Amino acid sequence: MSSAQDPFYIVREEIQESIDKLQSTFHRWEQTASNTGEYVHLTKELLISCESIEWQVDELEKTISVASRDPAYYGLDEVELSRRRNWTGSSHKQVGTVKRAIEKGKSNAATSKYQDTSRTNHYSAQDNDDFLSSESDRQLLLMRQQDEELDELSESVQRIGGVGLTIHEELSGQERILNDLSLEMETTSNRLDFVQKRVAMVIKKAGIKGQIMLIVFLIVLFIILFVLVFLT
């Protein structure tokens with residue numbers, strides 16, 4: 001199966017796009033002042049994205065675990081499995097780095113906000129009202145933008161979930177085919193054992209001419225069985 005058709009690479013591409021978007025948003029977050037509404041919005045967006053990507057990578061690791069039980073059956077080898085594990089490990093590391101930085105930034109922002117509040121208690125009531133009104137409008141706008149981005153993220157998760165379900169169904173179908181083939185081979189083997197035992201008994205009872213006739217008969221029977229088992 002080529003990389004373009006392999007469900008693993010289809011899902012990996014979706015996740016990689018999410019990671020690239022996460023990194024881009026994280027760079028914006030780093031350059032945004034911690035005392036602004038945009039900083040709060042970006043913080044929430046980044047944490048939600050981190051949780052979603054971590055879940056997606058975990059699901060992908062489950063498929064790798066299933067394939068590792070019988071790599072040859074899925075057309076894989078240890079090199080390919082190792083390459084896939086390295087990618088998921090790297091993805092977890094990237095997301096983890098961003099998540100830790102955000103959580104640390106939230107803590108620092110909370111401390112800074114408390115200090116700023118203590119220093120600005122002398123503001124007049126009118127100034128506070130104007131600030132709160134402006135900040136409320138800004139928060140409403142940011143919330144609308146966040147809702148739109150969450151809708152896009154939800155659609156992406158649904159697409160990935162659909163691909164994961166397809167992978168599961170394909171693996172289940174292949175497992176059923178393998179079980180049927182194993183049962184058929186076992187039945188054929190039992191039949192051959194029975195024939196061999198019967199032939200051995202007949203050979204003991206037959207003379208030389210009879211044995212020659214039996215050998216010819218067995219050759220013909222073997223050819224017929226070979227055609228039935230391997231060519232049909």
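Glycine residues also receive a Cβ, built from the backbone N, Cα and C atoms like all the rest.
TrEMBL annotations: computationally assigned, not manually curated.
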- Task: If TrEMBL is the reference, give me the range from 83-105, 106-128 marked as region 'Disordered'.
- Result: 106-128
- Can you tell me how the residues of the domain 'T-SNARE coiled-coil homology' (140-202) break down into helix, strand and coil by DSSP? 63 helix, 0 strand, 0 coil
